[in-house]
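Enquirer: Okay, handing you the structure first.
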Amino acid sequence: MSPLTETKAGTGFKAGVKDYRLTYYTPEYETKDTDILAAFRMTPQPGVPPEEAGAAVAAESSTGTWTTVWTDGLTSLDRYKGRCYDIEPVAGEDNQYIAYVAYPLDLFEEVSVTNLFTSIVGNVFGFKALRALRLEDLRIPPAYSKTFQGPPHGIQVERDKLNKYGRPLLGCTIKPKLGLSAKNYGRAVYECLRGGLDFTKDDENVNSQPFMRWRDRFLFVAEAIFKSQAETGEIKGHYLNATAGTSEEMMKRAQFARELGVPIIMHDYLTGGFTSNTSLSHYCRDNGLLLHIHRAMHAVIDRQKNHGIHFRVLAKALRMSGGDHIHSGTVVGKLEGEREVTLGFVDLLRDDYIEKDRSRGIYFTQDWVSMPGVLPVASGGIHVWHMPALTEIFGDDSVLQFGGGTLGHPWGNAPGAVANRVALEACVQARNEGRDLARQGNDIIREACKWSPELAAACEVWKEIKFEFETIDTL
């Protein structure tokens, strides 16, 4: 045998393949305050012990590979390796387990959600020993979260900028989402803002298409904002989507929005990417722009119960990367969202400190320290009859966004906006008077209809509209 390949006594290296669990399954490990903790829902292939599967997840998402390598001896694996420190069976499921993995902080670059995700979920989800794998939650320690700027401004600063307090904010996505000219688009924005909404919004797939180039849209929308502000005396905004094919083009659009003097822009953070999103967030803080975030493509990643990444993880990632608003589902509308699960990640977006609560899908206590909060945006298939439930579920620190529920009003856009504003004001007043929105919501709306013909017409149109389908992603 060549002396270059011979295994010598005492060197600690022996070529070959060994079980992951011999190195990466450490049930005796006590987690550190600085560890990043992950909860994976894993479904091993038949015949693969859960300890081996959990150890494989820890190994392949940190320092491990499929065989022993001699360069392991050139570093301290014990310092850098991920550790599967606990495994528990999932109640009611055969061959499904929650594996808890601890990662040392030194594995991750500061201020980089991109690097965090590349490490933890970048490779291991295709591992053959696993039939399915889902990242259910992450615990981000303050030692790591404090390296991030977080949201450009946060909830309180946004309220101060808008001078609006004590109620949810009202929005509307302009429809049809594609096909309008820039001038007609601006007209719809003006009518909605003039009717009483706080915000209007570009749809997530409105970028710069042949029927409406971005610069034309920005100019006509800015005119609509300033005209509606002058007539109502309220600060108004429109989420101008800066998402583009390159980061450089995205920044050019953001800069033009700032030059126009508008208050808020928008980004599709999953399709645009975390690196672009963090750059845009930093620009928004430096230049006084609010940043609305759309989660386009999220259901591809988070909707299946057994495989992918839960949205609570994507929400935490967004809070670190930066955004002042993010779409969160509605509970009552057309899009997926179980109530307790939705409220769990809404709290993770807004609050400073969130206790572990498995009944809401929260696997770890999360301390954001001083990082600003993010406003959840309820949007998708909602209308005036939903207003009491939305006000009760989401509270004041939220944006309630009605697209078809505004523009579908039989009398037009402005009356649709009036109907939503009246319904919201009625619900907030009733709540402040001590009435139960959950039980008396319909009565509150009917009473408001008596002095608002716009609301009465909206109630008549949507009185039978419901989206009653079973939620796929349950606890």
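The backbone N, Cα and C atoms fix where each Cβ goes, and this holds for glycine too.
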Enquirer: Just to be sure I read the record right: ASN123, THR173, LYS177, ARG295, SER379 are listed as binding substrate in Swiss-Prot. Which of HIS238, HIS327 is listed for the same site?
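Expert: Given ASN123, THR173, LYS177, ARG295, SER379 bind substrate in Swiss-Prot, the matching entry from HIS238, HIS327 is HIS327.
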Enquirer: Which is it, of ASP203, GLU204: the one of these binding-site residues whose Cβ has the most other Cβ atoms within 10 Å?
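Expert: Top count of Cβ atoms within 10 Å goes to GLU204.
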Enquirer: Rounded to a whole number, how many Å is the Cα of GLU204 (Mg(2+) binding site) away from the Cα of ASN123 (substrate binding site)?
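Expert: Taking the Cα atoms only, GLU204 (Mg(2+) binding site) lies 28 Å from ASN123 (substrate binding site).
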Enquirer: How big is the Cα-to-Cα gap, in Å, between LYS201 (Mg(2+) binding site) and ARG295 (substrate binding site)?
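Expert: Cα to Cα, LYS201 (Mg(2+) binding site) and ARG295 (substrate binding site) are separated by 14 Å.
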Enquirer: Hey, which of the binding-site residues ASN123, THR173 is the loneliest by Cβ count within 10 Å?
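Expert: If we count Cβ atoms within 10 Å for the binding-site residues ASN123, THR173, the smallest count is at ASN123.
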Enquirer: Using DSSP and collapsing to three states, where does HIS294 (active site, proton acceptor) fall: helix, strand or coil?
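Expert: For HIS294 (active site, proton acceptor) - judged by DSSP and reduced to three states - the answer is strand.
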Enquirer: Cα within 10 Å of ASP203 (Mg(2+) binding site) is the criterion; apply it to the recorded positions ASN123, LYS175, ARG295, HIS327, SER379 and give the hits in sequence order.
Expert: LYS175
Enquirer: Please report the distance from the Cα of ARG295 (substrate binding site) to the Cα of LYS175 (active site, proton acceptor), rounded to the nearest angstrom.
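Expert: For ARG295 (substrate binding site) versus LYS175 (active site, proton acceptor), the Cα atoms are 18 Å apart.
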